[in-house]
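Visitor: One structure, pasted below without further comment.
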Amino acid sequence: MDATLSKFSGFPGQEKPARPTREEAEAAVEVLIRWAGDDPRREGLIETPARVVRAYEEIYGGYQLDPAEVLNRTFSEVSGYDDMVLVRDIDFTSHCEHHMVPIIGKAHVAYMPDGSVLGLSKIARVVDMFARRLQTQEAMTEEIAAVIDSAFAPRGVAVLIESEHMCMSMRGIRTKGSTTSTSAFYGVFKDDKAERDRFLSMILNR
Ligand SMILES: Nc1nc2c(ncn2[C@@H]2O[C@H](COP(=O)(O)OP(=O)(O)OP(=O)(O)O)[C@@H](O)[C@H]2O)c(=O)[nH]1
Ligand SMILES: [Zn+2]
């Protein structure tokens, strides 16, 4: 397996267990429908296992993608620009690894260029790739910052994620509307409080 995929897929240094066949995955969905208390043979549910498996390919498609690869697209003709680049309000939907229900939020990602800049869409693509995996918000925050730091080597990276966890609102404690914030700072954002504060104020004072 590709080293980067392995590193960022939650199985550091290990091979993942073999992927089941589509038929096995559909059979598992059928079991869960029965567990929910319904009859998978009734008309409205007959195609549901196949639909759910196709939906899983989309919402968990991030395992098939290598975030380091998209960060290869850089531009160095930027007239000497070397200040912060901040992409705010990147919408994402992920799924918590504890309950497999949605985490819905926004990511704010900044870096300090060191000679070249990234294609802006690539930052949102990196967020999307990590979101489309089973996640904790903390791990996702760290993974986004770490891969930008290691693959692109800017002078600094800052990531702030704000999100709502459906496992806290639709079940369990059932608190609606609470949000969780997590952050990760590398390089100048870690070392220099003024830069960290500037990043935070650009996000919070909109
Ligand atoms: N730190 C962290 N915790 C999360 C995240 N998503 C969900 N959780 C929490 O994971 C915990 C799992 O706790 P458990 O006691 O094992 O599971 P549970 O009985 O379903 O817990 P309740 O949600 O309290 O009913 C819960 O407190 C969730 O709120 C996340 O991204 N980060
Ligand atoms: Zn959860």
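Even glycines carry a Cβ here, placed using N, Cα and C.
Per TrEMBL, the features are:
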BINDING   CYS96, HIS99, CYS167  Zn(2+) binding site
DOMAIN    26-203  domain 'GTP cyclohydrolase I'
REGION    1-23  region 'Disordered'
Visitor: Suppose the Zn(2+) site is CYS96, HIS99, CYS167. Which further residues of the same chain have a Cβ inside 8 angstroms of that site's Cβ centroid?
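Guide: What remains near the Cβ centre is HIS95, GLU97, HIS98, MET100, VAL101, ILE103, HIS165, MET166, MET168, ARG171.
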Visitor: Around HIS99 (Zn(2+) binding site), how many other C-beta atoms are within 10 angstroms of its C-beta?
Guide: 15
Visitor: If you skip the near sequence neighbours and keep only those at least six away, which residues in the chain come within under 8 angstroms of CYS96 (Zn(2+) binding site), Cβ to Cβ?
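Guide: Counting only residues 6 or more apart in sequence, the Cβ neighbours of CYS96 (Zn(2+) binding site) under 8 Å are PRO102, ILE103, LEU134, GLN135, THR136, HIS165, MET166, CYS167.
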